[in-house]
Every structure is written in structure tokens, then in C-alpha cells.
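The annotation active site, proton donor/acceptor is assigned in Swiss-Prot to H127 on the grounds of sequence analysis. Marked as active site, proton donor by Swiss-Prot on the basis of sequence analysis: K131. Look at Swiss-Prot and you will find G7, F8, K9, G10, K11, M12, G71, T72, T73, S95, Y96, N97, F98 tagged as NAD(+) binding site. Residues or ranges marked as (S)-2,3,4,5-tetrahydrodipicolinate binding site by Swiss-Prot: H128, G137, T138.
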Amino acid sequence: MRFGVVGFKGKMGKVILDVFSNDGHTPILLIDKDEIIEEDFPEVIVDFSTPDALEKTSSYCEKYNSNLVIGTTALTEKHFKILENLSKKVAVVQSYNFSIGINILLELLEKATKMLNDWDCEITEIHHSKKKDKPSGTAILLKNALNREVEIHSLRLGGIPGDHTVLFSNEGELIEIKHRAISRKVFALGALKAAKFILNKKSGFYTFKDIIKEAFI
């Protein structure tokens with residue numbers, strides 16, 4: 001697979017570049033704020049950078065007819081409109097979290113919330129101190145899976161890649177459902193699965209849920 005990385009000098013970009021390359025794929029488009037390395041046309045472009053980069057990323061996808069894997073968080077309605085328009089021309093996989101564990105957890109929560117709908121419920125999420133958006137995109141995904149109004153408590157500490165806990169409680173019991181990312185590599189491995197998933201697709205908008213369904217159902 002010929003691939004491109006937007007934000008290749010960032011922490012996540014470096015991990016993506018490493019994971020894809022070690023799996024035998026060839027980086028031929030590397031984009032960052034101060035440098036662009038353009039060797040050939042990529043089959044898939046991966047962007048885990050910032051919302052501000054999305055318009056440029058979209059233009060490269062259109063230029064090369066490249067499919068897109070996007071894990072950027074804090075997207076607005078404007079950004080989703082860009083992705084919607086792009087998905088009419090190429091295949092797009094968008095998620096706020098590309099770890100397999102979180103996406104399985106989302107499936108579990110959709111079932112659990114129906115059985116625990118009269119229990120109190122709150123979400124806590126902890127990320128590294130340099131993460132700007134609060135709450136995290138993953139916490140929003142968890143809240144959406146619960147399909148109810150819940151408080152989200154956000155902490156920014158040290159270098160934690162991602163720690164999410166959903167708590168259910170009644171007067172005598174507490175259930176904690178927790179996911180902890182030990183390394184950023186888990187997100188890059190998920191992005192690789194997503195890239196392989198859309199490699200030969202012509203167009204359409206997909207989420208990581210579609211990939212989980214194909215893999216496990």
C-alpha cells in the first residue's frame with residue numbers, strides 16, 4: 001500500500017509512519033506545517049493531526065483520488081460537511097478512537113445501558129497534559145453509546161495516552177467499565193486496519209464500527 005501521513009512530525013504521526021512502514025507499506029506523501037514530501041500518489045492518506053489541517057488533507061485526497069483515514073478530534077459541523085462531500089468521491093473512515101478495545105466497549109455499552117437505565121451513570125476521561133480538547137472525542141462516543149445525559153469529567157495529566165471509565169451505580173452497587181490505552185501504537189494499529197478496510201473501496205463514509213462488524217460479526 002502506498003500511503004500518506006498528515007502531521008508526520010507529530011507524536012501520533014511518527015507512530016503511524018512506523019507501524020505502517022513495519023507492516024511493509026510505502027510512505028510516499030508526508031505533510032507537516034513546514035514540510036511536504038511528495039513522491040507519488042498515495043492510495044490512502046492518514047490524518048490524526050488538527051482540525052485546521054482538514055481542508056488541505058481533503059484537497060490532497062481529491063488531487064490523488066486517495067481514500068482517507070481520519071482520527072482527528074474536536075471536529076465541528078463544518079469539518080463533517082467537508083468529510084461528507086469528500087466521501088462522495090473517495091472512501092473515508094472517521095473515528096475519534098481507532099483502538100479495537102474502545103470500539104468493542106462501545107458495543108457493550110449500547111447493550112448495558114438498556115439494562116441499567118435506572119442507575120446513575122457518569123464518565124471520567126484522562127489524557128496527557130498537551131491534549132487541548134475537553135471532553136475527549138472518545139468520551140463523546142461513550143456518551144452517545146449510552147444514549148442518555150451523563151456528566152463527563154475530564155483530566156489532563158502527564159503523558160497518559162487515554163484512560164476512560166464509565167461508572168454505573170445504584171444505592172448498593174457500583175459497576176466500573178474501563179479502558180486504558182497503554183501506548184499510542186494501539187491507535188496506529190487501528191488506523192492500519194482502517195486503511196486496509198478502505199483500500200479498494202471507491203467511495204462512502206465509514207466509521208470504525210463498520211470495521212469491527214466486518215472483523216467480528
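Just so you know, glycine gets a Cβ as well, placed from its N, Cα and C.
Small disclaimer: the values here were computed from a predicted structure and weren't measured.
Looking only at Cα atoms, G137 ((S)-2,3,4,5-tetrahydrodipicolinate binding site) sits nearest to T73 among the recorded positions K9, T73, H127.
Within 8 Å of the centroid of the Cβ atoms of H128, G137, T138, where the record puts (S)-2,3,4,5-tetrahydrodipicolinate, the same chain has further Cβ atoms from T73, Y96, N97, E125, H127, K131, D133, S136, A139, G162. Counting only same-chain residues at least 6 apart in sequence, those with a Cβ under 8 Å from the Cβ of Y96 (NAD(+) binding site) are G71, T73, S136, G137, T138, I140, L141. Between the CA atoms of H127 (active site, proton donor/acceptor) and K11 (NAD(+) binding site) there is a gap of 14 Å, rounded to the nearest whole number. The Cβ neighbour count for K131 (active site, proton donor), using a 10 Å radius and every protein chain shown, is 17. There are 23 other Cβ atoms within 10 Å of the Cβ belonging to G71 (NAD(+) binding site). Residues G7, F8, K9, G10, K11, M12, G71, T72, T73, S95, Y96, N97, F98 are the ones the record ties to NAD(+), and the longest Cα gap between any two of them is 21 Å. For the pair the residue listed as 'active site, proton donor' and F98 (NAD(+) binding site), the Cα-Cα distance reads 17 Å.
Within the same chain, residues at least 6 positions away in sequence whose Cβ sits under 8 Å from that of K9 (NAD(+) binding site) are D32, K33, E35.
Among the binding-site residues T73, T138, the residue whose Cβ has the fewest other Cβ atoms within 10 Å is T73. Between the candidate binding-site residues, G7, G137, the densest Cβ environment within 10 Å is the one around G7. Here H128 ((S)-2,3,4,5-tetrahydrodipicolinate binding site) is compared against the binding-site residues G7, K11, F98, and the shortest C-alpha distance is to K11.
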